[in-house]
Amino acid sequence: MAPRGCAGHPPPPSPQACVCPGKMLAMGALAGFWILCLLTYGYLSWGQALEEEEEGALLAQAGEKLEPSTTSTSQPHLIFILADDQGFRDVGYHGSEIKTPTLDKLAAEGVKLENYYVQPICTPSRSQFITGKYQIHTGLQHSIIRPTQPNCLPLDNATLPQKLKEVGYSTHMVGKWHLGFYRKECMPTRRGFDTFFGSLLGSGDYYTHYKCDSPGMCGYDLYENDNAAWDYDNGIYSTQMYTQRVQQILASHNPTKPIFLYIAYQAVHSPLQAPGRYFEHYRSIININRRRYAAMLSCLDEAINNVTLALKTYGFYNNSIIIYSSDNGGQPTAGGSNWPLRGSKGTYWEGGIRAVGFVHSPLLKNKGTVCKELVHITDWYPTLISLAEGQIDEDIQLDGYDIWETISEGLRSPRVDILHNIDPIYTKAKNGSWAAGYGIWNTAIQSAIRVQHWKLLTGNPGYSDWVPPQSFSNLGPNRWHNERITLSTGKSVWLFNITADPYERVDLSNRYPGIVKKLLRRLSQFNKTAVPVRYPPKDPRSNPRLNGGVWGPWYKEETKKKKPSKNQAEKKQKKSKKKKKKQQKAVSGSTCHSGVTCG
């Protein structure tokens, strides 16, 4: 029992009232303990304080200032971040050795998309995101849009930013376009974006922003709206440069007005370049390409952290939806990894088309979850328009679905199939034939389709090995360890149950011919809706040497009319004489009779 006067709650005592001789030693020990706790807390919080100080300094350098948070608009701010060539394994939460703390945190607090598909190469994924249509419905089903081709996303397609502008959104694009630019009408600012800062091609040097398509075909590839951004020819690394522009856009925009930000980073596409400080954590990676790739991805992860911080700083975050996606699978020869999936970028195996993706937003109802429902990149078009309270014209046939309730509430996806593609030009399967397709489909044609659990591939799907991460491979940058499978001679059809066999190791086409026939018929049905392929030959007028050293619009319509030939001129003269005679007869024959006055 405590001595009287040292327990309870008496009236305020004198300073010595509760100093009891029996407690002096204990109080001294307690004071020492509290001092130790304070020192420990100060040490542990030092790292966090430094991090916050660095973030504050970064924003200050960008000319930004703190503003109160406000959410007066019912329409959410939409931020779509597209990475380039990021492999399925190349994120921390998929087991990668590459550090991605920002992506891991955003995904963990949001919804991870673990059954999410894109296209195997750049242009098709970007076109499907911005139109909500499969590439067979835009004519872009073969390869990519080359910088020397007179080609671009068809102008009769209403784009996502155009639809968002209709309902009051400010629309901005930063980064890689890669949807064609041969005419001014094809440029991002003519396709719905209020502002554009980035590259038209997207695979040039990260510092100089120059791109060579072939020997003698080189030019500068950085634009500010419709003009070359020569002021930025100063050696700034593109990932950091694009992030600074995003910060500036957010700093100058009123958060009570809805904004759509399309941030299409160049990273981690080759060439493999990164600032030196990002290599520090990866000295143990022996493979040089993998090490460079890891440094690039760490820089990208930091950039996305800075974008997220800017959203919070300027009052956008609480009413924002952040969507993160890769545009296609990784390229193992350039440091990427899709392990344990089969194949790589440019193929229709899972490694080429199954992507890293997640949604992060305070507006999500089910945060911290994993979505295993079928989702495709075309789905963002109707989903974002619906979230923006916009309307889709009834006569527009989309291939995407509104999947917000699937993501936010965990409901079933309205999507049951995906047409990965039909490329009628790519027919390199030597043994493909109508007979192999049961008379339903020519299996020489490269195609792939997913219907519920089943996936069918025909033709030549592309490089088919399983390639483990090359971190500790010492074979050199141009060689890599892989697990190879020898394709059966004469093979042009494959069938997999992707739910049971996501790594595509067991071909079931011979076991289930009935399912093969059903999927071939579905391919045939899709093909009946396809538009002609747009893949024109090169145009020499595209050479940057003819356009001030810049990649940019070069095509001009022929406005001059041809002079008529002598025969054509004579015919025109005779026709005009006949017209004059008829007019004279009509006038002479218009005399009024019976005293009626002509009016």
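Just so it is clear, glycine is given a Cβ too, placed from its N, Cα and C backbone atoms.
Annotation source Swiss-Prot lists signal peptide at 1-49, citing sequence analysis.
Annotation comment: Swiss-Prot describes Asp84, Asp85, Cys122, Asp327, Asn328 as Ca(2+) binding site, evidence class similarity to another entry. The Cβ neighbour count for Asp84 (Ca(2+) binding site), using a 10 Å radius and every protein chain shown, is 24. According to DSSP, Asp84 (Ca(2+) binding site) is assigned to coil rather than to any helix or strand.
Secondary structure at Cys122 (Ca(2+) binding site), as computed by DSSP, is helix. Annotated active site, nucleophile per Swiss-Prot: Cys122, in sequence order, evidence recorded as similarity to another entry.
The annotation 3-oxoalanine (Cys) is assigned in Swiss-Prot to Cys122 on the grounds of similarity to another entry.
What Swiss-Prot records for Asn157 (among others) is N-linked glycosylation site, and it gives sequence analysis as the kind of evidence. The Cβ of Asn157 (N-linked glycosylation site) lies under 8 Å from the Cβ of Thr131, Lys133, Thr138, each on the same chain and at least six residues away in sequence.
Secondary structure at His269 (substrate binding site), as computed by DSSP, is coil. Non-local neighbourhood of His269 (substrate binding site): Asp84, Asp85, Gly202, Ser203, Ala334, each in the same chain, at least six residues away, with C-beta under 8 Å from its C-beta. The feature substrate binding site is assigned by Swiss-Prot to Lys176, His269, Lys345, with similarity to another entry given as support.
Per Swiss-Prot, N-linked glycosylation site is recorded for Asn306 (among others). Within 10 Å of the C-beta of Asn306 (N-linked glycosylation site) there are 19 other C-beta atoms, taking all protein chains into account. For the recorded site, Asn306 (N-linked glycosylation site), the DSSP three-state label reads helix.
Marked as N-linked glycosylation site by Swiss-Prot on the basis of sequence analysis: Asn318 (among others). When secondary structure is read from DSSP and collapsed to three states, Asn318 (N-linked glycosylation site) falls in the helix class.
In the three-state DSSP classification, Asn431 (N-linked glycosylation site) falls within coil. Swiss-Prot lists Asn431 (among others) with the feature N-linked glycosylation site, giving sequence analysis as the kind of evidence.
Here Swiss-Prot flags Asn497 (among others) as N-linked glycosylation site. The Cβ of Asn497 (N-linked glycosylation site) has 16 neighbouring Cβ atoms from other residues within 10 Å, across all protein chains displayed.
The feature N-linked glycosylation site is assigned by Swiss-Prot to Asn527 (among others), with sequence analysis given as support. Taking Cβ-Cβ distances under 8 Å and a sequence separation of 6 or more, the neighbours of Asn527 (N-linked glycosylation site) in its chain are Ile136, Ile422. Secondary structure at Asn527 (N-linked glycosylation site), taken from DSSP and collapsed to helix, strand or coil, is helix.
Marked as region 'Disordered' by Swiss-Prot: 531-599.
Marked as compositional bias 'Basic residues' by Swiss-Prot: 572-584.
Look at Swiss-Prot and you will find 586-599 tagged as compositional bias 'Polar residues'.
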Rounded to the nearest Å - Cα separation of Asn306 (N-linked glycosylation site) and Asn318 (N-linked glycosylation site) | 16
Within 8 Å of the Cβ centroid of Asp84, Asp85, Cys122, Asp327, Asn328, the other same-chain residues by Cβ around the recorded Ca(2+) site are Leu82, Ala83, Gln86, Ile121, Ser125, His269, Ser326, Lys345
Around the Cβ of Lys176 (substrate binding site), other Cβ atoms found within 10 Å total 27
Integer Å distance between the CA atoms belonging to Asp327 (Ca(2+) binding site) and Asn318 (N-linked glycosylation site) = 27
Inter-residue Cα distance where the pair is Asn497 (N-linked glycosylation site) and Asn328 (Ca(2+) binding site), in Å | 21
